[in-house]
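These notes concern the structure reproduced below.
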Amino acid sequence: MTFKLRLASLFDDPNCLLSARNRYQFLVTLLVNIATFSHGLGVGWMSPVMRDLQTAKSPLDFAVLVHEISWIGSLVGIGSVMGNILAGTLQDRIGRKMVMFGIAIPYTYLYVGRLMAGMTGGACYVVLPTFISEIADTHVRGRLGSMILLSVNTGVLTGYIVSTSVSYFTAPPFIVALPICYFICNFLFPETPHHLIRKGELAAAEKSFRFYKNTKRGDSKAASEFEELKFALNKAQVQSDLSFNYRDFITKPALKAYASALALLICNQFSGSFCVTTYLSDIFAASHTTLDVGMCTIIIGVLQIVGNYVTTLLCDKYGRRILMLISTSGAAVCLATFGCFTYFAGSHDLSVVGWLPLVILSCYVFLCNIGMVGCLFVVLVELFPAKIRSAAVSTFVVILSSTVFLTLKIFPICMAVWGISVTMCCCSVITFSGFLYFSFFLEETRGKSLLES
């Protein structure tokens, strides 16, 4: 009886994701993140494969050179820009759900596969943060939003495991089943009430609102909440139609948001966070570690998930800013330490501490994922004033995808020309610069209403 009472009190807690109010929001978030899991699976699968393509173990019957590897790695960025633009252009015209159906595009091999993976991933990073933020209550929005990168990294870990366990030509046909499953799941839930209200479909919007809040038709409190949402959105739309012009993009809050968003994107990408995920096997191979590279890769994949899970637990409780500060400062120290280790390991026998690269990179990946990776899309959506949010977020996600292409293209070349030590130390300097900026200028966005200006 005591256990039942405790369980009942847990489900009555409004902060519990499985409470009556939140459970459908949580369930739908899990379903839509099948797409991000699939994207992560494609990224993780390619990391060990790209390493093998440069060795005698290559499954291909032709040589793959460094500049070709850089294209294989970076084409995901070009595809991501294409996906960003398409999703950003279409999500307000045809709805979040229709764009999300289009994400279910299967993956193929190498150049074409990386381009298509980038397109689906880029679309995910535009439409899913918007979709989740519109169905989620304010007090759980951070946790649900951070699940995007949690599912990506779960997919990355699965990809690492699959690539080391299943042959190169066997894995992709099975991976294609995931987008199909995702496509079917999209029929199980409605469009967001925000989008339906903006389109004037009020009956469908009210039904959608009741679904995501898990309330019945006669619930007066839910009816009042829906009327408040409708009034606020209609008021915002009228104001937008009357006064939306270029001046809205050059207000003080908007300019401050641009600066913080740009710092966030630069720090996120030029810290090497996504490059490490993509070229992890190559990095371990160059690190003078004495441990098995495949095992190290899988351990890092686990730490990515742990870091993102910690984000889901802490971002709504302690806020986004403190996690960003811990993440950037800690990651900068780890990168500098890794650079110093690989520098001295090149001229001294450090095999007695050959496990150290794994420890350093494990700490680095964990710290990256509790803040500047795990909170990226949550903070990006919350930074901007309501009137320009849609346009600004779409623009900055395109910029993010462009920097993904740039960093993935130059990272293997930097490793080949400068060496791993200099490359990692440069990433450390950029990450620490991000820490300094966030210390002085980043505002806390926890609890901020998406209708605030």
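Including glycine, each Cβ sits where the backbone N, Cα and C put it.
Here the structure is a predicted model, which means the values were calculated and not measured.
Taken from TrEMBL, the feature domain 'Major facilitator superfamily (MFS) profile' covers 1-446. Annotation comment: TrEMBL describes 26-49, 69-87, 116-132, 168-189, 257-279, 291-310, 322-346, 358-384, 391-411, 417-442 as transmembrane segment.
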(message) Does the structure show the transmembrane segment (391-411) and the transmembrane segment (116-132) touching, where I'm treating 3 or more Cβ pairs under 8 angstroms (sequence separation 6 or more) as a contact?
(response) yes
(message) If I count Cβ-Cβ pairs under 8 A between the transmembrane segment (26-49) and each of 69-87, 257-279, 291-310, which range comes out on top?
(response) 257-279
(message) Are the transmembrane segment (417-442) and the transmembrane segment (322-346) close enough to be called in contact, which here means at least 3 C-beta pairs under 8 A that are separated by 6 or more residues?
(response) yes
(request) Average the pLDDT scores across the domain 'Major facilitator superfamily (MFS) profile' (1-446) and report the rounded value. (result) 82
